[in-house]
Every structure is written in C-alpha cells, then in structure tokens.
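Read the structure below first, then the notes.
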Amino acid sequence: MYFAPAAAALLASTAIHGVSAKSAEEWRTRSIYQLITDRFAPPSDSAPALTNPLPSECNVWDQTWCGGTWLSIIDKLDYIQGMGLDAIWISPVSQNIDYHTPYNFAYHGYWVNDPTKLNPRFGSSDDLKKLSDELHKRNMWLMVDIVVQNVPALENIIDSPEKLAEDGSLWTSRDDFHDFCIIKDYSNLTQVENCSLGDEKLVLLDVNTENPNVQSKLNDWIANLVKEYNIDGLRIDAAKHVPGEFWTSFCGAAGVFCIGEVFGDDMEMAVKYQKNKYLDSILGFPLYYGIQKGFGAPYANMTEFTSRLKAVQEGFVDTTVLGNFLESHDVPRWRNQTVDPRLGYNAQVAQFLLEGIPVVYYGSEQDFAGNMDPTNREALWPSNYENTTTYQQITRLNKIRSAIIENNLEYNGESFLNAKSQIVDSTDYDVAIRRGPVLFSITNRGSPENGTYFPIHNTGWDSVTPVIDLLTCTEFTVGSGGSLSVSYSTQGYGGLPYVWVTTKDAKNLGLCTDKQMGIVSKDKVNNDASDKVKEAEKNAGSKMSVSVAMAITALLGTTAAALL
C-alpha cells in the first residue's frame, strides 16, 4: 500500500505496537552498544545456526559468516545490560548478495541488494520481532543500521535489468541508478553523492535517490519496517553519499531518531547534516579525531582535543545528540592505536560525560585490538564475555551518567543533559571540564607516576565545599578560590581521571555508601587546596595535596567490583 510521504511520516510517528516513536531528545538519555550481528553471539540451543556449515573458528581474514543471529543476540542481552547500556545498534537487517566476491562474503550486512526483504542469514521476521520485544521488556531500545545508497554487483551490469533482477535487486531499471563512475575525489560533492563507493572488483551501483519512484519505494519501506519491528532509531550508513534532502523525507517517513555516518574529518560537511535538518544527528567523527589526537600515544596533545571540542560546539546546532565513540567497524580499535589502558580510561570518561550519546563498539569492553576491516570485526565469544576491568569501567561510567540524568542534578539552574561542556582549566596534558553539576578531570599523562600536579582554578564551587570523586567514592574539599589540585605521583597510579559532584548531590545518586564517602576523614582533608595549587605552580615536583594523596591511597583498598 502506498502512502504519501506526509502520511507515512504521520503513521510512523504514532504509537507502534504500544511503543512510542523515540525522539532525539529522548535518545540523548541513552547509551548505545553497537554490534555486528554475525559476530556478537554464537548459535545455541535457543538460537539455532542458520548458516551451515559454520567454520570451526571465526577467522577474521576469511571474511565469512560465523553464525550470529537475531536470536543469539537475545542470549547475551544480560551481558550488554550488565554494563548499563540501554540500547543496541545492530547490523543492517536487509537482504544481501549471497555469493563469493573478491572481498569474500557479506557477513557484515552492508551489501544490500533488496532493502525490503530481510536477511535470512540473521533470521526470520518472527526472530527480529522477538529481539525487539525482548529489548523493550528490558526497557532497552533498538537501533537498526540502514543501507539504501548502493547495490553491489560483480560486474557493471547497470544496463542489464534482467541481470539485476536475477541477482535479487529491488532496482531493475536504468533510471534507478546514476551513471556509473567511481569516486576519485572525495572533496568533490557531486562525485561523493553520485558515484560508486566500490571499485572494479566489486561495483557498488549508486542508487538514484532523486528519482521520485525510488524515493517513494524507500519511504514506504522504512515506514513499514519501523512499524513492523518496533524500531526506536535508525543509523544511516554512508549518509554523505546521498543528497541530504533525501534524508529529510526518508527520516520523516520513519518517524524515529536518525543518526547518520558522515565519515571523515571534514567539519564543514558534517555540520550541514544537522544544521540543514537532513538528519537529527551524526556520529561524532570530528570529536573522535580530537580524542585520538588528545589521548592517543605517543603524540598525545590535550590542546588538540580542547580546540576540537570548542570547534564542535561552535559548529553543531545540538551537540547533546551527537554519537560519541572511540572505535567502530570502520576505524581501528582503540587498543590497536594506544596500548596504555590509563589513556583509554581517560578517553572513556570524555566519551560518557561530554555532551552526546555514548556509543560502545562491541569488543572494546574486552580490550580487542584489531586494526582496520576485517581485523576490527572479530567474533566476541572467544572472550568468554569476561568481566574485564574495561567492562567494569564502562559499567561505572554508565551508572554515573544515568544516575545524574535520572536525578536531574543541576548547577546554576542547568541540568547535565542541557549543559554544554565548559573547559575550566587545561594544560598540554590535562583538562578540567564542567558539564552542569559535574566537574571532571582527564589527562593524557598515562600510567606511570611522574611527580606532577594539575592545579584546577575556579571549579565553580565555593571554598570548603565537600565534593566526591564518583569513580572512587572518595571525598575531597574545595580550597579557597574554588580550587582543586590533582597529583599524578602516588603509588604508581599516574594519570587517573576524576569525576566530582558535591557530596550533597552524591548522596542523592546512590552510587556511594556513607562509609565510602567518609573514607577521608574531614579533619584530615586539606581545607585550603589553593596553597597546594600555588605550590604546584612553583614546583611541579612537590608533594601532592593531602586530599588527592588520601584519595589514591584509598583506591588501593577499593576494588572496582566494590564500586559497581
């Protein structure tokens, strides 16, 4: 049945099987776990294999199916929910080509030949509904990856409708595609939007989304897909390879939150997708590159990060709905670039506490270290889904973020969700950032102790205000002039991050017990941290402030598990 775009948008935006369409404002309260369906969870008794035979070992270089399905995802939802993540982004659900290519097989789901049909390698219509239903029972949301911009083919068969139909393509008319060309210049918008993302080995024919017939079919399809499977949000693949106006109509028909991939470090191009209302949001590649430069060894420079953060805030209309990520299926794993776990921990704090929606790529919690495709698309099950330190850190950060949002903490009348991150103090190695009621300090100094201080001026709190580091549940007291001082010299703890709220606010969050918050007795807290600030400015090698010293000492006797 055909609906005009306006009617389709109205249909999709109404309550769907009892689940209301989720807006951008609602999505910013969530945190997302991105997974590759084929690689997240193996077949089981409750999720039988749909690909036979399966390889005995999932070797990334084979680039073939390893057996994950929509039902096998259900088997491991406890694992995702255990980190406090309350939405999942799954691979494209549409039918793919099902034959061998020079780049092997379409296990990833991105070589779609008919978006209107489901991928039988991942399951049936009932299976996808079961996954959606199970997520919603847990108050978790479903985001589906969407591919509409191209159709793969082994040869340039654009002039052969019969061959296209034979290959299972939805599009069989010459008018359904742009004239064939391969992108040579990614700064040329005409080429980017109209030419092929593929090459001579695997042609990705570029769909003519300006064709009214094509647009109508796609709008009808997405409205029905969202309705049929209670989908809460869409991740738009390769958004910049389609004229932006198409996405306005398409996402209007879907009636749910649309976040797009605008790959690359071109800030001007990325900004226009939100500014021109083509999409609700984009994945934050501009900030991703800033985090890489700020925290990635061996040339980390915090100024690169802080300048990029300011540029992102100045450029985008709404930074609170951008997708904050450290790795994905399109970029190297964090641990491939930077082996120091302390640098990764600091980057995670930025990912979760800066404005935006945290997006955790499956396997990052297991410290996977793959480089580019295909090595960053590993099977997760060989990890045994361990409760690693990184898993615990993600859990803690998620609990902190969620508790602050749920309790609607404010600072000067501004909530955490509505506040933009403000740089309070910084050096080439450290930065202190206030976002509403939260002040956090992150550093790229790394694991080794180095005998230095980071003096933080003008925290925004009055002197003698008791504050709590929510990562360790340790109490500090603000010094005169609203100052705090961080040391990196005790017990080999080096460059730790800190996340402070007032003790009054902390008691409302339920993240720390009274006993934990009293670890540092008040008669021993340094009530005049400004003296230490002055001392630190004069002598970077001097002893650290008593409050920070005791905080780190307390950490020695506090396991990560005790904080979860």
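Using the three backbone atoms N, Cα and C, a Cβ is placed for every residue, glycine included.
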In TrEMBL, C66 is disulphide-linked to which residue out of C58, C181?
C58
Per TrEMBL, which of D185, D330, D425 sits in the substrate site along with Q63, W111, R235, R377?
D330
Around R235 (substrate binding site), which of the listed recorded positions (C58, C66, C195, E261, C473, C512) come within 10 Å, judging by Cα atoms?
E261
Quick one: what's DSSP say for R235 (substrate binding site), helix, strand or coil?
strand
Candidate nearest D237 (active site, nucleophile) in space, where candidates are the recorded positions C58, W111, C181, E261, C512 and distance is Cα-Cα:
E261
Please identify which of C58, C66, C195, C473 has the densest Cβ environment, defined as other Cβ atoms within 10 Å, among these disulfide-bonded residues.
C66
Report the largest Cα to Cα distance, in Å and rounded to a whole number, among the residues Q63, W111, R235, D330, R377 that the record lists as binding substrate.
23
Spatially, which candidate from the recorded positions W111, C195, D330, R377 is nearest to C66 (disulfide bond), comparing Cα atoms?
R377
